[in-house]
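Chemist: Here you go, one structure.
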Amino acid sequence: MSGNPDAFENDPGFPFLGISREARAATAARPFDSKKNCWIPDPEDGFVAAEIQSTTGEQVTVVTVKGNQITVKKDQCQEMNPPKFDKTEDMANLTFLNEASVLGNLKDRYKDLMIYTYSGLFCVVINPYKRLPIYSESVIKHFMGKRRNEMPPHLFAVSDEAYRNMVQDKENQSMLITGESGAGKTENTKKVISYFAIVGATQAASGKEAKDGKKGGTLEEQIVQTNPVLEAFGNAKTVRNNNSSRFGKFIRTHFSGSGKLAGGDIEHYLLEKSRVVRQAPGERCYHIFYQIMSGNDPSLRGKLKLSNDITYYHFCSQAELTIEGMDDKEEMRLTQEAFDIMGFEDNETMDLYRSTAGIMHMGEMKFKQRPREEQAEPDGEEDALNAAAMLGIQAEEFLKALTKPRVRVGTEWVNKGQNLEQVNWAVSGLAKAIYARMFKWIITRCNKTLDAKEIERKHFIGVLDIAGFEIFDLNSFEQLWINFVNERLQQFFNHHMFVLEQEEYKREGIAWTFIDFGLDLQACIELIEKPLGIISILDEECIVPKATDMTYAQKLLDQHLGKHPNFQKPKPPKGKQGDAHFAIVHYAGTVRYNATNFLEKNKDPLNDTAVALLKHSTDNSLMLDIWQDYQTQEEAAEAAKAGQTAGGKRGKSSSFATVSMIYRESLNNLMNMLYQTHPHFIRCIIPNEKKASGVIDSALVLNQLTCNGVLEGIRICRKGFPNRMLYPDFKHRYAILAADAAKESDPKKASVGILDKISVDGNLTDEEFKVGETKIFFKAGVLAKLEDLRDEILSRIVTMFQSRIRSYLAKAEVRRRYEQQTGLLVVQRNVRAWCTLRTWEWFKLFGKVKPMLKAGKEQEAMGELAVKIQKLEEAVQRGEIARSQLESQVADLVEEKNALFLSLETEKANLADAEERNEKLNQLKATLESKLSDITGQLEDMQERNEDLARQKKKTDQELSDTKKHVQDLELSLRKAEQEKQSRDHNIRSLQDEMANQDEAVAKLNKEKKHQEESNRKLNEDLQSEEDKVNHLEKIRNKLEQQMDELEENIDREKRSRGDIEKAKRKVEGDLKVAQENIDEITKQKHDVETTLKRKEEDLHHTNAKLAENNSIIAKLQRLIKELTARNAELEEELEAERNSRQKSDRSRSEAERELEELTERLEQQGGATAAQLEANKKREAEIAKLRREKEEDSLNHETAISSLRKRHGDSVAELTEQLETLQKLKAKSEAEKSKLQRDLEESQHATDSEVRSRQDLEKALKTIEVQYSELQTKADEQSRQLQDFAALKNRLNNENSDLNRSLEEMDNQLNSLHRLKSTLQSQLDETRRNYDEESRERQALAATAKNLEHENTILREHLDEEAESKADLTRQISKLNAEIQQWKARFDSEGLNKLEEIEAAKKALQLKVQELTDTNEGLFAKIASQEKVRFKLMQDLDDAQSDVEKAAAQVAFYEKHRRQFESIIAEWKKKTDDLSSELDAAQRDNRQLSTDLFKAKTANDELAEYLDSTRRENKSLAQEVKDLTDQLGEGGRSVAELQKIVRKLEVEKEELQKALDEAEAALEAEEAKVLRAQIEVSQIRSEIEKRIQEKEEEFENTRRNHQRALESMQATLEAETKQKEEALRIKKKLESDINDLEIALDHANRAYADAQKTIKKYMETVQELQFQIEEEQRQKDEIREQFLASEKRNAILQSEKDELAQQAEAAERARRNAEAECIELREQNNDLNAHVSALTGQRRKLEGELLAAHAELEEIANELKNAVEQGQKASADAARLAEELRQEQEHSMHIERIRKGLELQIKEMQIRLDDAENAALKGGKKIIAQLEARIRAIEQELDGEQRRHQDTEKNWRKAERRVKEVEFQVVEEKKNEERLTELVDKLQCKLKIFKRQVEEAEEVAASNLNKYKVLTAQFEQAEERADIAENALSKMRNKIRASASMAPPDGFPMVPSASSALIRSSSNARFL
């Protein structure tokens, strides 16, 4: 936009259309470096802005705006435009036109809701999904009458431009609005129509008034109100759009000569009829069905018999029923209002509603199949009655027509029974047909209303609203036609775009070669519409009996596959894609089409009997109108009988019109209409699928830009000069680049001088810009280069300006200091003088006398003043005289002052501008400096953050190591605490005197030891689980590092590793916390036990209960640990999400520190508890000190037991220490693996770089070879062309020779009659030249449009071809005529004037012929009337054509000269030629055969050379790849010996292939040398043949013999070459069998080198990925192998431990047996003891009873002990149920303990009352009990040890199994990789076979070309024979001329060859050629 009016900037809609000056200036001042700023691909945003940091070879390291630093390939970077182009309004002005810049500009503008953007001729519109204030009347007023570049991009700007072009140029206009469904096409169409209605308003009511005066409206209202009517019947809800137009329309708004609105009309295309009977999920039928059912008019549904709910009617209730935000009731009111304004009568609208309701009733008609019959019958008639009533027909006849239609069999009409499927098809087809014809009637009725007959129509503006290009998962018949329409529209745009470009280049006087890009799409268009194309074959299949969709698809494949570049076999479906039968390469991409239902949709059959009923409807006049043009079979038969012309549309007896024919006819009409208009293009874009405002889906938008042709338009722009600037603008902006040259006042001269200066400096070349009349044109990217130069110069100027200012300020400061110094010196001098004089006496006297002297001197002063006054008066007088003189001078000077003032004001303005620019520069500098400082600060912050991250990582690693050390310290402290506890327990046990208390304390300590061992075991398990977690985390870290290697994000990798470590640390800390809690619980339990002991075991039972509760808590904790382990696995799966929560790591770390502090506090508390325990132990020791002496013997026994316990505890502690050391080793190993991975990463990077460099070298070598090959191919083609040109030249010369001979005969008879016709013939010649020029222009126009007219009919195409040939012959005849005229002139000058009457007759004949030629030309003009516009524009080619005519005349003169020479030669050697003609013919035939063989051999050799070259190149690269892949596969799944064997085999194969290649190359070189020799020999033979024609008979005979010998040698050479070729083919087959991976590269080499490069890159990346995966798998296998070996070693150790355990178990069983015997003995001893106690307590009956009870309880204990022993035996026999039986054993033991404690209490009570004897007896009994309990405890300890060892064994075994499973899983993965590679090889082999087939097809094409060459050679021979005949005729004519030299020619003899006869002769010659 060149400028925005200030008034418009205040409009509310301006922020959504344009950018303010301040915002644009701020954007332009943003820092930018064109060498660093770029776009790079991004998977989410499409492209993202980045800044280049460094470049290494083809790799570039960039930092994106997101802050990520990545490395990409250089060719992936796209240039970024300078900031001045940000949010540019016309993307064609972008200096770098690429996808990234276009997408970025659209995204930036759409963020500000600026939805309109220009792209050259396009106006791109993005759906805002919200209401914007940019369509108000105020906005319309701002755009009315404004040029496009004066206002921001808007639909109104394009509309107004179209309106002004129509009014000014008197030319019809068109606006093409395209886009996907939901892009806003319909809304923009309505806005355009409204704008035209307002602009061309007539302000007069043009609507047709009804009788009541209520119907109708103004013409403007009626044009606008067509939209509600069309939307009601033509719009529907789709998945992507709630109001989607399901038809295309072309709305023409007509205007009068003065620009007033004069009516309008509508044409529609491609209505989606299938929606009437079928809707997809998420969609619904057309709006009118739901508006009728909305209840807006309650009586309407009753009239239409729609009594049921909408869901009842199947045709319109298959999916959605309502639309969010749309009120069907209100929409019905608007539709009815639109009907009223449009002037529809009530009966017309009611018929429309009735027909619509009839379709709804038809959908509910039910039919059923008769049993055992192929006949359907009605299943209920209610809906049929309703449907028939609505359609105005009889229900019975309607049902009969559907179930038993009348068909013609021979000459009779019979009723044919229909099955159920056929009836349903007939109902659906009839419903669709009724709706389609009803819609067409509505269009016709609206056109009738909009026809304002009272206003004359002069011009129109058409608006095309049609669906854009569609690529769906399943593409069918509809998509084919939509895409074909868009293909034609895109071709129209390409052609129109470059026509405009060429016109502007010509206006500006720029040399330019026209390129018609419309021809780029011609191949695809011809594939679809040409004869034997897709549509032609479809129409043919529709009339072929028993044709199916599959036969149609197969015909397409047979006809076009491999023969047409735009036809392909579809690739297998991916994702949700459906099956496809063929694929077409459109301009927007390759589309896969499914041919299902193609035939049915194309035929669109109807039931003629039912249609006949509808044509005779009695109650619905609409049916009569819509079916009026339909001709049924019966009507056609009757018309045929009556001899009438069948004018119906369809009927089998009449012409059969398919849907494709109808579509093609309407499309051709549309294209013809568009070619007669000046088009304007609107492209609508969907921003996202979510209908969210301001959000851009980059991938979706890019796809639409491709489909809409925007990127295609940009591609075309780049071919020319897309950037252009006016001379004043260029001078104003870039004058700084060449200040001297810019001093010119003429902007053009100044601009040219600036460009010359830049070109001389080497910054620009002449090809990068062109100088026009008013503008300068630039290639893409040049303006960016100029901006860089301007920025550099500005930087230098600003720097110099700053230095000058600093210099000036420094000099001013120096001057100020100098002046200050001078003043100071004067003051100092005066002060020093005053200091000297102030003490001098004379000075004092002077000071006193000086005041007194003033009074005496006043008189003298007065005298002096009088003298001065006199002098002053004289001076005043003189001043008055001078003043009078000066006043006159002042008057003159005032005028000069005014003039100077004006110039001063101008200079001030310039100075103000300069100051303003200076100020802006300063602001810009300040802004840049501030941004630079900000960026520097950001860079420093980023560096600091990186350093902080590194420090945090180091700190985290240190914290982790500290944590592990702390864990080790905790373990040491735990062990110390355990040792201290054991020592305290030992002291307690050693000090216990009382037997019962000591036994109880020992049992308690054993239990506590068990608990402690259980906690240690849990801790060991936790440590083992942590080890497993660490291993698992190491694997995850390796995978993450692999991903980071692929993405080369080292920082993210470190962060993720840190996160993993942090997580592991938190897990370890959590587990430690759990373990610490367990320890705390145990400590509490221990404290409770000691309290219980201090209270003399009174609460022992309660304590045991608490212990049981604690056991349950421990079990719960174990379950919690398992749950946490499962949760850990889930968290590991969420590891990817943890990367986004890096900020939480600090908080987690602080929480971990707090937990460590809490852990430390708890440890301290534990230390306090230990101190309390010591105090309690001391008290307990004091209480039992008195019993120490009595228990010394028992203490010794207990000391032995305690020492064994201490030993076992020490073993457990040592085991824990060993496990901790193992963890440390694993950590060190993981660190070593990490460093190894780092080294591997660096090595892989180096390998990748070397691979890239080698690939670049290979690409360079490949390019060099291809250049060499292209040069050789060019040379070969040149030689072939020379051969062909020679043959054609000879043929043409012979033909022209014969023509000239005939002309010579005629001219010799009329030489004396041409002088008087000189002027007449000259004028006729000028007329003929004009006719020729016109025909030349017509030929060019016809050539440009022939592609668009080929679809009319076959006869017209043939006629056009003949006319083109006739025109070419006519051109040659005109050239000959010019030469003849020159000859006539010469002869006339020499021979004088004769035979005036004959000349007059010849003149008349010539005029008649000229008139015939003129009539022919006029016929051609009528045929190509559609190209008149192009023909007028090509008038400028007249001069070129004239020069061509002159050149042709010169060539004819040259040929005439040669003809005379040939005449002398022919006259001299005629006789000899006749004798030797047969021999010459034989020699020539042999020569032609030899040339054919040579050409064939050369072609085969070229193909073989190309194949061998590509084979050699690809063999080298692919052999290396095969070697690498084989090495990798060998490393992954084979042994070293197999790998070496494969390597040797591959090396042998490689050597064989290399030898074969060398042999093939040698053979190829030999063949090339032979071909060259053969060509040289052929050229020599030809030269010799031509020389022998002019030499004597003897030389001719020698030449013939030499030629014969040469032929024999060539024959031998050809036979040798044939053998060598067979050998080469054998080698080629061998190479094809050996190399299976060549197909992709070969296929791509045949198609395009660029595709080959992409494929090579793709496979190189694949190889790198496979190599990396195999290396990773190899490393994992090595680890697994090591782990497996270690597992085997551990299994061996476990096996030995198992054997030891078995031995221990046997020892335990023996001990149990001994214990059982001892129990028996103890029982007997107890019995004796009981008897003794009962004897001693005879005197105390009461105590005796109690003692007996105690003995009974002891017996019960013995029984329980026996049961416990049996349970132990069962536990050793059944290891699987050991844990459960152990718990049962523990429960029994606790029960025994409780019984024993009760007994001990009873014994204590008895001890008080028993005497010493009883105490002694009881002492003996207690000893026995103590021994028994000691044995029980020993057995329990052995059981516990065995259980722990068994658990350890099971745990190790589970670990080994897990690792074995991992190994098996990795082996399976390797097998899968091998299978994938095998599949890849199979695919390559299949493609190689396809390539072989293509090679064979190419050979067939070559053979056909050779056959054609042979045919041409035969024609050449015939031409020579005709030349002989012509020579004979010439001699005869000469004799005849001599005989009749003195005789006048007869009357009517044609003196001048007529143009038509010449045309016929040339046509015959052309056909002969």
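Positions of Cβ are set from backbone N, Cα and C atoms, glycine also.
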Chemist: Looking at 667-689, 828-850, 1817-1839, which one is region 'Actin-binding' according to Swiss-Prot?
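Modeler: Result: 667-689 is the stretch Swiss-Prot calls region 'Actin-binding'.
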Chemist: Which one of these stretches, 68-89, 1036-1057, 1234-1255, shows up in Swiss-Prot as region 'Disordered'?
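Modeler: Feature region 'Disordered' in Swiss-Prot: residues 1234-1255.
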Chemist: In Swiss-Prot, which of 455-469, 485-499, 770-784 is tagged region 'Actin-binding'?
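Modeler: Comparing 455-469, 485-499, 770-784 with Swiss-Prot, region 'Actin-binding' matches 770-784.
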Chemist: Inside 10 Å of the Cβ of Lys185 (ATP binding site), count up the other Cβ atoms and send me the figure.
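Modeler: Around Lys185 (ATP binding site), other Cβ atoms within 10 Å: 28.
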Chemist: Work through the binding-site residues one by one (Ser181, Ala183) and point out the residue whose CB has the fewest other CB atoms within 10 angstroms.
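Modeler: Candidates: the binding-site residues Ser181, Ala183. Fewest Cβ atoms within 10 Å: Ser181.
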Chemist: Pick the one among the binding-site residues Gly179, Gly182, Gly184 whose Cβ has the fewest other Cβ atoms within 10 Å in this structure.
Modeler: Gly182
Chemist: List the same-chain residues at least 6 positions away in sequence whose Cβ sits under 8 Å from the Cβ of Glu180 (ATP binding site), in sequence order, or say none.
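Modeler: Within the chain, Glu180 (ATP binding site) has Cβ neighbours under 8 Å at Arg240, Ala467, Gly468, Glu470, Cys684, Ile686, Gln704, Cys707.
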Chemist: Please classify the secondary structure at Lys185 (ATP binding site) using three-state DSSP.
Modeler: helix
Chemist: Would you list, in sequence order, the residues of this chain other than Gly179, Glu180, Ser181, Gly182, Ala183, Gly184, Lys185, Thr186 that have their CB within 8 A of the centroid of the site's CB atoms, where the site is the one recorded for ATP?
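Modeler: What remains near the Cβ centre is Asn127, Asn241, Ser244, Gly468, Cys684, Ile686.
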Chemist: Please average pLDDT over the region 'Actin-binding' (667-689) for the predicted structure.
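Modeler: Mean pLDDT for the region 'Actin-binding' (667-689): 90.
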Chemist: Give me the count of other Cβ atoms within 10 A of the Cβ belonging to Thr186 (ATP binding site).
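Modeler: Its Cβ has 23 other Cβ atoms within 10 Å.
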Chemist: Tell me whether Glu180 (ATP binding site) sits in a helix, a strand or coil according to DSSP.
Modeler: coil
